[in-house]
Amino acid sequence: MKSRKSEARAAAVLIAPFVVAYLVLFIYPTVKMVELTFTDAPLIGEGAWVGVRNYVRMWSDRQFWNALWNTLYFVLLTVVPNTVIGLLIAMMVSRLKGWLQSVVLAAFFLPYILPVSVVTLIWQWVLDPQFGIAQYPLSFFVGERVPVFRTRAWIMPTVGFVTIWWTCGFNILLFLAGLRNISSEYYDAAALDGAGRWKQFRHITLPLIWPVAALVLTIQLILQLKIFDQLYLLTLGGATNTTMVLVQAIYRQAFVTNKGGYGATIALALFVLIVALSVLQYQFLRARDR
Amino acid sequence: MTRRFDPVGIGLTTFTLLAATLWAFPLYWAVITTLKPEHETIRPGVHFLPEDWTLGGYIHIIQNTNLGTWYVNSIVTAVAVTVLVVVMSAACGFAISQLRFPGRRLLYLMILASFMVPMQALIVTHFILMNDLGLVNTWTGIILPQLIAPISVIVYKQFFDSVPKELREAAIVDGANWFQLLFRVFLPMNWGITTALAIITFIAAWNNFLWPFLVTTSERTMTITVGITQVKDAFGVYYARQLSGAVLAALPVAAAYLIFQRRVTQAIMLTAGIKG
């Protein structure tokens with residue numbers, strides 16, 4: 001048998017690349033971020049120690065609160081709808097068989113693997129105020145053409161809609177796997193008892209799919225709190241402050257106005273928010289599960 | 001059970017097909033737009049097919065932008081990220097799963113905990129670090145921060161955990177050392193996992209927007225996902241050209257998905273924590 005020592009040495013070699021990358025690209029930047037929040041450093045260069053001034057400033061910064069509310073608004077618009085739509089589509093797809101199922105699933109899933117900039121270019125075209133094809137149904141329902149990415153009340157819901165179109169495929173896949181794990185015996189037995197579609201859904205599908213739904217909700221919550229790319233691209237570089245979200249506020253402070261210290265402070269706030277909310281939500285969902 | 005006439009079922013299937021068509025329609029519409037001359041794209045009314053089929057949009061964008069350079073940048077960085085992430089994760093996951101060494105539990109717990117940390121929160125310090133190392137506007141600068149993939153380590157660890165003990169003992173009796181055990185026994189047994197992780201890592205790296213967007217400031221160093229967003233500023237509203245760029249940017253990942261559909265699905269299940 002090999003000695004303990006040689007085993008530890010082999011382990012050191014094997015974990016070294018990951019551990020080095022982890023320390024340099026993850027631990028160090030995280031520690032550095034916390035340190036930066038106590039300085040007035042620009043993005044590049046040294047700054048002076050300012051104590052908690054960045055935190056005080058953030059507390060009274062209307063732009064920060066605005067970004068926080070916008071982020072939460074976006075979460076509200078996307079997390080639950082994306083999960084519900086994902087489950088509905090998964091149930092529709094799971095009824096189909098063979099090649100038809102593959103084709104339909106691919107149609108729903110394909111957007112998910114596209115780069116964000118491709119997704120936003122497609123929707124900018126489809127929703128173009130002058131030439132976009134979606135303006136036909138839109139003007140039918142609203143009564144006029146809507147420049148959705150330039151109309152304040154429309155921006156967030158539209159970006160939310162595009163986000164759901166883009167990312168729902170992921171939820172569909174997870175739900176499909178969950179649905180396949182439900183034994184058909186349950187449904188056969190229920191059908192024998194004369195339970196209709198709704199009763200089967202309510203008493204078999206829903207309780208058995210709940211753990212997957214909890215997982216999807218948690219993943220969605222964390223994902224949507226980090227909203228930036230599609231909003232930034234669809235609002236033409238976030239021209240207005242009205243739709244500013246947290247990641248955009250970090251970007252704005254650190255990269256546009258060159259306030260590295262303050263940008264890091266908002267980044268830390270996002271960091272804490274995501275960790276806290278995801279732990280909380282997970283506990284809450286687990287509790288309901290029991 | 002015997003098949004009976006089921007109007008609700010037929011209705012549901014019809015609805016599903018309609019919904020799928022509508023869902024995929026923007027993709028069709030984007031692709032078909034790239035095959036129209038620019039003046040046809042802005043013609044009033046809905047025209048599902050071009051009157052004059054043309055590749056003008058593609059030709060224009062290839063000739064008048066840095067598209068080729070962006071493509072090379074994307075391929076190099078995405079492939080590098082994929083190879084490095086897979087190798088690092090397999091080695092680390094193997095060590096945590098199969099070897100005893102001090103700090104093993106701590107390492108695993110730290111990897112698990114790092115799950116929740118949003119990379120978006122680290123953009124400021126990542127940029128500072130890359131600038132200090134002189135890596136802004138370089139391939140290495142684009143690659144490095146994307147190497148943190150704790151999820152792949154966890155996936156490998158879980159799979160190596162499920163390899164039967166006897167195989168490992170037999171290899172050791174045959175005189176294999178730990179590295180041979182990993183590369184000759186454990187990895188070949190799990191090629192499926194490696195393929196799945198590699199494909200999804202490649203897609204994620206190719207699609208990554210925020211970090212390449214921040215770390216590249218000149219047009220020549222951009223990746224394609226960042227580059228195509230610059231095209232519109234140069235031309236104003238020319239949708240056939242813009243969307244041609246989008247189609248070209250999406251081509252590798254769309255192809256990867258369509259060819260390796262099952263592997264992509266499997267990888268998504270794995271990384272979401274559902275064994276599939």
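Placed from the backbone N, Cα and C atoms, the Cβ positions cover glycine too.
Quick caveat, the model's predicted, so the values are computed rather than measured.
Outside the transmembrane segment (A:12-31) by six or more residues, the chain places nothing with a CB less than 8 A from a CB of the stretch. Taken from TrEMBL, the feature transmembrane segment covers A:12-31 (among others).
For the transmembrane segment (A:67-91), the list of distant contacts is 108, 156-157, 159-160, 163-164, 167-168, 170-176, 178-179, 201, 205, 209, 213, 216-217, 220-221, 224-225, 227, 231, 243-246, 248-249, 266, 269: same-chain residues at least six beyond its ends, Cβ to Cβ under 8 Å. Residues annotated as transmembrane segment in TrEMBL: A:67-91 (among others).
Per TrEMBL, the feature domain 'ABC transmembrane type-1' maps to A:68-283.
According to TrEMBL, the feature transmembrane segment maps to A:103-126 (among others).
Positions annotated as transmembrane segment by TrEMBL: A:154-177 (among others).
Among residues of the same chain six or more beyond the transmembrane segment (A:204-225), those with a C-beta under 8 A of the stretch's C-beta atoms are 71, 74-75, 78-80, 82-83, 86-87, 91, 163, 167, 170-171, 174-175, 177-179, 181-182, 186-187, 190, 246, 270, 273-274, 277-278, 281-282, 285-286, 288-289. The transmembrane segment annotation in TrEMBL covers A:204-225 (among others).
What TrEMBL lists as transmembrane segment is A:263-284 (among others). Taking Cβ pairs closer than 8 Å, the transmembrane segment (A:263-284) reaches residues 33-34, 36-37, 43, 54-55, 57-58, 64, 67-68, 214, 217-218, 221-222, 225-226, 246-247, 249-255 in its own chain, all 6 or more past its ends.
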